[in-house]
4 protein chains.
Amino acid sequence: MSNSFGKIFNITTYGESHGVGIGVIIDGCPAGVEIDENLLKTEMQRRKPGQSKITTQRKEEDEVEILSGVFEGLTTGTPIALSIRNTNQKSKDYSHIKDSYRPSHADFTYQEKYGVRDYRGGGRSSARETAARVAAGAIAKMYLKKYGIDISAYVSQVGSLKLEKHYLEMDLKLAEENIVRCPDPEMAEKMIQHIDETRKNRDTIGGIVSCVINEVPIGLGEPVFDKLHAVLGQAMLSINAVKGFEYGSGFEGVKMYGSQHNDAFQSEDGKVTTSTNHSGGIQGGISNGQDIYFNVAFKPIATIMNDQESIDKDGNKVTVKGKGRHDPCVVPRAVPIVEAMAALTIADFMLRAKTNKI
Amino acid sequence: MSNSFGKIFNITTYGESHGVGIGVIIDGCPAGVEIDENLLKTEMQRRKPGQSKITTQRKEEDEVEILSGVFEGLTTGTPIALSIRNTNQKSKDYSHIKDSYRPSHADFTYQEKYGVRDYRGGGRSSARETAARVAAGAIAKMYLKKYGIDISAYVSQVGSLKLEKHYLEMDLKLAEENIVRCPDPEMAEKMIQHIDETRKNRDTIGGIVSCVINEVPIGLGEPVFDKLHAVLGQAMLSINAVKGFEYGSGFEGVKMYGSQHNDAFQSEDGKVTTSTNHSGGIQGGISNGQDIYFNVAFKPIATIMNDQESIDKDGNKVTVKGKGRHDPCVVPRAVPIVEAMAALTIADFMLRAKTNKI
Amino acid sequence: MSNSFGKIFNITTYGESHGVGIGVIIDGCPAGVEIDENLLKTEMQRRKPGQSKITTQRKEEDEVEILSGVFEGLTTGTPIALSIRNTNQKSKDYSHIKDSYRPSHADFTYQEKYGVRDYRGGGRSSARETAARVAAGAIAKMYLKKYGIDISAYVSQVGSLKLEKHYLEMDLKLAEENIVRCPDPEMAEKMIQHIDETRKNRDTIGGIVSCVINEVPIGLGEPVFDKLHAVLGQAMLSINAVKGFEYGSGFEGVKMYGSQHNDAFQSEDGKVTTSTNHSGGIQGGISNGQDIYFNVAFKPIATIMNDQESIDKDGNKVTVKGKGRHDPCVVPRAVPIVEAMAALTIADFMLRAKTNKI
Amino acid sequence: MSNSFGKIFNITTYGESHGVGIGVIIDGCPAGVEIDENLLKTEMQRRKPGQSKITTQRKEEDEVEILSGVFEGLTTGTPIALSIRNTNQKSKDYSHIKDSYRPSHADFTYQEKYGVRDYRGGGRSSARETAARVAAGAIAKMYLKKYGIDISAYVSQVGSLKLEKHYLEMDLKLAEENIVRCPDPEMAEKMIQHIDETRKNRDTIGGIVSCVINEVPIGLGEPVFDKLHAVLGQAMLSINAVKGFEYGSGFEGVKMYGSQHNDAFQSEDGKVTTSTNHSGGIQGGISNGQDIYFNVAFKPIATIMNDQESIDKDGNKVTVKGKGRHDPCVVPRAVPIVEAMAALTIADFMLRAKTNKI
């Protein structure tokens with residue numbers, strides 16, 4: 001009951017870091033969506049490990065096989081199963097943590113919750129699971145493309161290096177031009193250097209991914225518990241290492257007065273817009289047609305290359321060795337994951353909105 | 001499909017600001033919970049309007065009638081229906097906004113989404129709906145009391161007035177001693193003054209509610225999409241006027257290195273604890289037994305007492321008059337709402353956790 | 001988690017036989033449905049006790065109050081709460097069964113399941129709960145009316161008295177002309193007499209309710225677990241005292257050969273029909289545009305007016321006295337309940353079907 | 001939203017008859033269940049085609065690969081993905097029905113519902129999907145084994161050949177000793193002959209599968225919509241070709257008087273039992289500890305080997321040729337499917353029941 005997301009456009013993921021494979025079933029994708037295998041490949045490439053010097057050097061090809069739900073290039077309305085085989089599991093790398101609890105990892109909580117765990121590479125708690133989300137998100141993007149909805153995520157902060165520019169002042173597509181995925185080339189350079197230094201110190205660093213969604217139709221989101229931003233928030237907070245979510249004016253907005261914060265409605269050529277957008281495109285939990293934008297905070301990854309003191313399952317002190325192949329900073333690879341979760345959320349609300357009126 | 005929350009301990013709310021009444025059905029509360037009518041009353045009192053000079057002066061008694069699911073003081077395992085009649089609706093106050101879209105309100109989005117709306121007092125989009133949540137949350141608290149789980153929310157910021165003290169340095173119970181619900185009496189005084197000035201300026205101001213949950217058992221939360229903090233996040237973001245959520249180290253945590261951020265495990269008398277708690281009591285989405293703490297950002301309320309320019313449903317320019325009885329700052333009354341949503345979330349995960357192991 | 005039905009057009013009922021009241025929240029009814037208060041009243045009248053000499057003589061007015069979700073005669077897309085106060089509870093009638101388990105009632109199973117139960121009148125297990133379903137079903141009918149969908153249930157068997165006529169040979173509207181709700185006046189007379197004799201013998205008797213749904217659009221129902229007939233089956237089997245469900249050729253169909261059973265497709269004026277309808281209007285779980293028809297088997301009600309031997313909660317032998325006011329045969333009053341559950345099921349699938357295609 | 005079953009022990013199946021493969025994700029199986037690979041194989045063997053002269057001669061090995069959720073022989077509490085590759089798809093066999101609607105198949109309804117369909121072998125509507133259910137059901141059986149719960153299905157009717165013996169008079173395990181799966185050897189012989197003759201006539205015939213569940217704990221099932229028998233009913237009606245479901249006294253029970261039908265409680269050595277079991281082990285929707293038994297009616301399979309008149313998608317008359325490899329009677333192979341769906345239902349309610357009481 002914990003591995004599904006979405007009420008109509010629904011996904012269920014499975015798989016462990018070092019098991020046979022991972023994958024996802026999409027149940028509820030409408031029939032008639034054109035499958036773009038290139039887009040699927042591109043999205044997987046954006047997330048995959050080993051893509052640059054500032055990501056883990058682990059290699060996983062992450063080839064996605066479509067097992068069902070697609071016929072002659074179109075979705076059929078039946079479940080779409082996507083399968084990714086694990087090819088590069090070095091399970092013995094993990095024998096040293098079989099009985100140890102790595103600091104700020106899920107080893108301890110899984111052990112206590114289930115009484116048994118697949119300790120290899122973090123098992124189910126590994127961010128490897130997000131590959132399945134990105135694959136499903138690619139299908140959601142294909143669906144949203146029909147409606148012109150566009151999602152652009154990018155890195156806006158690494159450690160204390162913060163991009164102060166407003167998203168409207170930048171060409172967000174530039175984010176894909178550099179390995180840290182920041183649309184400001186100058187800042188990108190600094191960020192890359194910062195991550196690289198952190199890596200050399202065998203440490204990790206946090207960061208923020210920002211995301212903008214354009215051309216969302218008016219009316220997505222539900223009045224009470226499933227407000228559009230509430231479900232977007234859950235979606236983002238469900239990504240590994242995320243510690244915070246804010247949309248529109250966010251945490252800064254608390255400092256404002258209502259008279260400053262309110263977005264004045266205006267009518268342009270019969271279209272209702274707002275003069276400012278502190279609302280972040282969502283009012284009363286429902287999209288108002290303006291850009292939706294939000295920030296997602298990622299902590300520094302728990303796996304560092306330096307030794308750390310910890311305990312084993314019997315409470316004895318142990319030293320957890322820093323080994324394996326890991327990311328010094330998660331945000332560059334998190335960009336497509338944020339987009340995937342956004343796409344899945346919007347796709348679900350697009351379908352829900354079809355049932356609003358008689 | 002939008003008015004329910006929780007997978008096992010499930011609530012569904014109904015009701016509009018100026019309709020006959022509001023209420024909630026709790027489906028899935030286990031049998032045998034002792035009903036404490038005083039607690040129910042107290043929680044309603046904490047949320048109700050008109051409680052102090054810094055809240056709206058509207059009066060609503062918010063008396064809760066228990067219609068079902070309780071027999072001889074105990075829950076029976078069947079749905080608990082809680083009903084609150086609306087007694088103080090002044091519907092004609094709202095005729096002026098029948099066809100106008102108030103800035104940063106949900107008037108426009110509801111109209112577009114549904115084609116019809118109960119415009120009186122914001123209808124379903126009114127924060128009046130949260131009274132039903134507080135009532136349901138009180139039942140959840142009665143259930144959690146059996147396990148010693150304690151939830152304390154308080155105001156930690158109003159506008160730019162930020163309480164810098166760590167929660168461990170304060171007696172959180174002091175929050176209930178003043179009308180702004182800040183556990184630091186000195187800061188409370190400043191906040192009250194700030195809100196009062198804002199009110200006099202016929203304006204509104206934002207703020208932050210912080211929340212600490214003690215004695216949460218290890219093992220609550222689900223691995224992937226329903227991570228404990230992800231569902232807590234959705235719960236909080238679903239509250240009216242919320243713009244952001246962060247837990248543990250939150251947005252500040254992005255600036256840290258992994259070597260600083262990681263919480264070292266240690267064993268004390270056979271109990272596993274951590275030396276620091278940047279994780280906010282949740283690792284891999286699952287509670288680890290440490291305190292859970294988080295912040296919820298509230299924007300300034302959209303209803304201000306000054307006139308604002310807007311448009312009507314035909315796109316004509318109109319002036320929205322500032323009238324009615326509204327809160328200058330939402331956070332004092334939001335404290336019990338945050339607690340209620342936290343209680344409902346934890347209650348649900350308590351029940352889910354019963355099904356983890358054979 | 002057990003008191004809700006429907007994935008999009010979703011209802012949650014609450015209430016006990018002798019508590020304060022019963023009711024239902026409809027969440028997911030689309031906006032813009034015209035509320036017909038007369039239809040609501042009529043449906044409640046058809047189900048209410050005391051309506052004829054062959055039903056229980058208990059009186060309940062079953063007045064429905066609409067608390068939310070309706071504004072100026074139209075549904076608004078927000079939850080519709082319907083409340084029915086209990087007015088005629090004679091709780092002391094039930095003190096004699098406080099500790100006894102009535103044969104074939106739910107006293108024993110509730111006690112074991114929950115450890116506590118509201119024993120008065122069967123509490124939550126009472127068929128009184130179905131009044132809430134009928135109220136919700138009336139709203140569903142108002143929605144379906146827009147599409148010309150018509151649902152007609154009738155009594156086709158009482159004890160061994162079986163109506164052999166095919167539904168197409170009768171005017172089903174005649175069912176409402178007599179107190180047993182059988183569209184064949186001659187058979188109706190026999191059935192009434194049979195029930196009346198049973199009543200005089202202080203006994204009860206079973207029966208069958210048949211149901212026909214006309215003008216269902218093609219394409220309702222989901223491929224696998226939520227086949228249209230599977231969910232209709234659950235809906236019917238969830239009604240108190242139901243022991244069986246069959247649709248189309250049903251149990252008799254097992255005796256046929258495929259060459260007899262198959263319904264040949266034919267095209268009439270561009271419309272696809274079938275020459276026979278053993279499929280009961282559903283193929284592969286999906287409506288094909290032909291009439292949907294099914295039978296629902298009701299056992300004799302467990303409450304008889306003769307004394308019965310049983311045990312109390314301590315295992316001691318007791319005599320359960322036959323007292324109270326009960327129906328000698330449930331099927332006449334079950335007719336509107338069957339229709340209500342059918343309407344709720346079809347309404348839900350109408351909304352689901354909106355999400356099939358891009 | 002249509003391809004999942006179960007609220008806590010939840011399965012989602014995918015796959016088409018002639019696609020790459022089929023499979024299932026089990027989400028919610030508790031941790032610590034011992035995986036018995038032999039049982040998994042055995043169950044698949046019982047369902048697989050080509051197992052005897054009275055089933056289809058098509059060959060599918062139906063090898064199940066466990067992709068996740070199992071570690072060192074135990075379930076880990078994370079999703080269990082089971083994958084079955086399609087190996088014997090002869091897709092060209094189906095080109096003749098690409099544009100034709102086979103009588104009483106789902107070709108027409110799928111085409112209308114989705115606007116696109118994988119016509120090969122019925123695509124998603126093929127009973128091939130039930131292989132995934134049997135695989136998942138095997139895992140459910142492993143879980144139930146811990147509690148001693150035993151499920152025995154068998155063939156009780158083929159065409160008009162009806163086994164009149166009560167299940168208590170037979171050794172149900174004998175059902176697996178013959179190819180028709182009837183526990184009465186004499187009747188089995190007749191049934192086999194009947195099916196064989198039907199096959200020679202290039203026709204098909206219907207039948208009934210009966211099922212008994214022993215040692216079900218008291219308290220499974222939910223009061224209202226998710227009554228144990230209601231969900232069992234949905235589970236059974238969701239199996240391809242099923243037309244009816246009855247439990248306990250079933251359709252015959254309608255002829256009885258309450259005084260005959262009621263099951264008298266008695267206490268034996270402190271255990272509550274009933275003297276008769278017309279209730280079929282379920283009272284008020286909740287298991288009472290007695291045997292649960294029910295019947296499932298299967299129509300004759302629509303695919304017959306004789307030519308049939310039909311229409312194509314343009315409404316033109318066509319002749320659908322009888323070809324391919326199909327079962328003359330579905331019930332022998334349906335026995336393990338009925339058991340699988342029963343096991344999945346009971347497993348789900350076992351977990352739900354853990355949340356009944358504080």
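Any Cβ shown, glycine's included, is placed from N, Cα and C.
Secondary structure at A:ARG47 (NADP(+) binding site), as computed by DSSP, is helix. Residues or ranges marked as NADP(+) binding site by TrEMBL: A:ARG47, A:LYS53.
Around A:ARG124 (FMN binding site), the same-chain residues at least 6 positions away in sequence with a Cβ under 8 Å from its Cβ are A:GLY15, A:GLU16, A:SER17, A:TYR110, A:ASP118. For A:ARG124, A:SER125, A:SER126, A:ASN240, A:ALA241, A:GLY284, A:LYS299, A:PRO300, A:ILE301, A:ALA302, A:THR303, A:ARG325, the entry in TrEMBL reads FMN binding site.
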Chain B contacts among the binding-site residues A:ARG47, A:SER126, A:LYS299, A:ILE301 (Cβ under 8 Å): A:LYS299, A:ILE301
Residues A:ARG124, A:SER125, A:SER126, A:ASN240, A:ALA241, A:GLY284, A:LYS299, A:PRO300, A:ILE301, A:ALA302, A:THR303, A:ARG325 [recorded FMN binders]: greatest CA to CA distance in Å: 44
Local Cβ density at A:LYS299 (FMN binding site) - other Cβ atoms counted within 10 Å: 29
Those binding-site residues listed as A:ARG47, A:LYS53, and which of them has the most Cβ atoms within 10 Å of its own Cβ: A:ARG47
Members of the binding-site residues set A:ARG47, A:ARG124, A:ALA241, A:THR303 whose C-beta sits under 8 angstroms from chain D: A:ARG124
For A:ARG124 (FMN binding site), the three-state class that DSSP assigns: helix
Distance from A:LYS53 (NADP(+) binding site) back to A:THR303 (FMN binding site), taken between C-alpha atoms, in Å: 17
Chain-internal residues, separated by at least six, CB under 8 A from A:SER126 (FMN binding site): A:GLU16, A:SER17, A:ASN240
Closest of A:ALA241, A:LYS299, A:ILE301 to A:LYS53 (NADP(+) binding site), Cα positions, binding-site residues only: A:ILE301
Rounded to the nearest Å - Cα separation of A:ILE301 (FMN binding site) and A:ARG47 (NADP(+) binding site): 16
Local Cβ density at A:ILE301 (FMN binding site) - other Cβ atoms counted within 10 Å: 24
Rounded Cα separation (Å) that holds between A:ARG47 (NADP(+) binding site) and A:LYS299 (FMN binding site): 18
Other CB atoms, at most 10 A from the CB of A:THR303 (FMN binding site): 23
